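Below is one structure, written out as structure tokens, with a few remarks after it.
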Amino acid sequence: MLRRHGLFWLKTCPRLNVLLNQSIPIPHLLHSRDICQQRWYAKGKRRNQISKKELKPLNFSIPNYISVNKLANLLNCRVERLIKDLTALGFENITTTYILSKEYVELILQEYNFALPNLSTSTNLDNVYDELKSPVNPKLLTKRAPVVTIMGHVDHGKTTIIDYLRKSSVVAQEHGGITQHIGAFQITAPKSGKKITFLDTPGHAAFLKMRERGANITDIIVLVVSVEDSLMPQTLEAIKHAKNSGNEMIIAITKIDRIPQPKEREKKIEKVINDLIVQGIPVEKIGGDVQVIPISAKTGENMDLLEESIVLLSEVMDIRAENSPKTIAEGWIIESQVKKQVGNVATVLVKKGTLQKGKILICGNTFCKIKNLIDDKGIPILKATPSYATEVLGWKDVPHVGDEVIQVKSEAIAKKFISKRQDLIEVQKNSSIVEKLNEERALAKEQHLNKELEHENTVQEHEQNTGPKLINYIIKCDVSGSAEAVSESISSLGNDEVRCNVISSSVGIPTESDLKMAQITESTILCFNLGNLPSEVINNRAGIKIKQYNVIYKLIEDVTETLTENLKPIFEKKIVSTVDVRETFDFRLKKKIIRIAGCKVNNGVIKKNSLVQVVRGPNEDVIFDGKISTLKHNKDDVAEVSKGHECGITFESGFEGFKPGDKILVYENVRVPRYL
């Protein structure tokens, strides 16, 4: 880890070793300048001498990256001295071409007693937009609707619950009866009349990241558990994420209508509750505060109790947010896609403030001047307040699902901060390149110092770097959440011999750029939930394979089959005939004596150019393994000889070491089926 981050010298720091033993995360250590400096100033005597001197002015700008020899020129010192000092400070494999990052340069300048006007800030991709946010104003806090996430195992009835509450056919619109991406809806609860926003997170394991994201932006989690199946793998996974999120939880035991007998139903419900207790869920039965409600979304039984429980729990939680139009609006991207005749669209769940037409939003590497707001029924609305999910039109590019949305005053400010974020991305990218370059140079130096082993090392390195065969794919989906889920699903497929390699993953039908990239990288394009593709895409000139799917199981199955076909073949010998060597005789051909094996076929058929093994003795020791050169019957060349007939045989490679009593085994190399 230390080498990967380029902090070679950190591992010599005693304090760092103590912290590592305490299991403090490496990223925290890497950003701690105090820890770094402690190693640099460990030699107290020298440090005390330097501190007494007056700081020297810095007359040059600190670059993001600089080689050791160029830094020596800027410092006006001998490069040998700088390398010696760096080595003393713990750097390894330092050469004149070793590249230093800006952070290291700043520490070196401090060591050389230079005055630094501006040290690198701790701004990173996670907090680059934090200064755009406004502090919470308690006076503006008003009650808002709870955001409820329904989680659970696939086909345990999550979408059916929302279908009941919305009185619409959500289930019928989904391929295979399984929700394919997050939907966000605000409803008026049938009994209380209170507003509730639901996030319907998919139950398929492929959508793990989307479900995690749902848990992080919700207030209440409704965990659905089928009374027939009890806790399943994805149920346990949902429990884990719910615990980590710290959200309040309600358990809904579903499909009770399938068990009409009261005693049997009660027994099944009791089993589910006991299983929940084993998983550490503090249900009311043992004095906890987690409600367990048996329901049937199909018949409506106890659905009013579920709705009432959500409303009452939200009132106890006293959920509030700033609802003033003057408050800087914030939210989360729940879904994003490209719609025909509309363009880039993103569903935003409002966290605070109010979204209105004309406001400027920033998100990731894109921004938006709101052209229109559309509710979940497809109706344009004037504004969206906290806990409301709305489609926002007007994005320059498709934002990523899960990214935070922040309101800004102008497009100029949005562009300024996006540029700042892109610079950080570029620095991060360059940092990886620099680390790799330094490691390659260090390796080259080591190989140069060990010339006698250079060839062996090169061969070993080639074998190690060859790695598994990569099957390239480009993923195109209807929405970004599905694109991410498909990418995650197939990226994990494969083994040490063959693996999936996702070249790119994006939203919309395949473009000309996608086709060119597929041609260059020899990729197959996987389209998910895109409907009918244009004929010019399917019948593209480059002959790129384009496969279309509506259900993720089928996509994963096809990719797995392709990987299986690309596994290295394994063959086993299958004996198809046995032949006895009865005698040997010599035959003169063009002044050359050729020894021929006089044989009789015991079973099967021997063919010209057959693969054979000549074996000898009771243990059938192999004395020859190769092909037949000639096959004769009554002095005539023949293509094959069948059981019971005699023949004369010569072998390739000039093998003549056979003798009477030997046995010839005729075999075929049969490919053994392999599976991932």
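Every residue gets a Cβ built from N, Cα and C, even glycine.
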In Swiss-Prot, one of 152-159, 264-271, 456-463 is tagged region 'G1'. Which stretch would that be?
152-159
Residues in the region 'G1' (152-159) grouped by DSSP into helix, strand and remaining coil:
2 helix, 1 strand, 5 coil
Can you tell me how the residues of the region 'G4' (254-257) break down into helix, strand and coil by DSSP?
2 helix, 1 strand, 1 coil
Among Lys158, Thr254, Ile256, the binding-site residues in question, whose Cβ has the most other Cβ atoms within 10 Å in this structure?
Lys158
Cβ neighbours within 10 Å, counted over all protein chains: which one of the binding-site residues Val154, His156 has the most?
His156
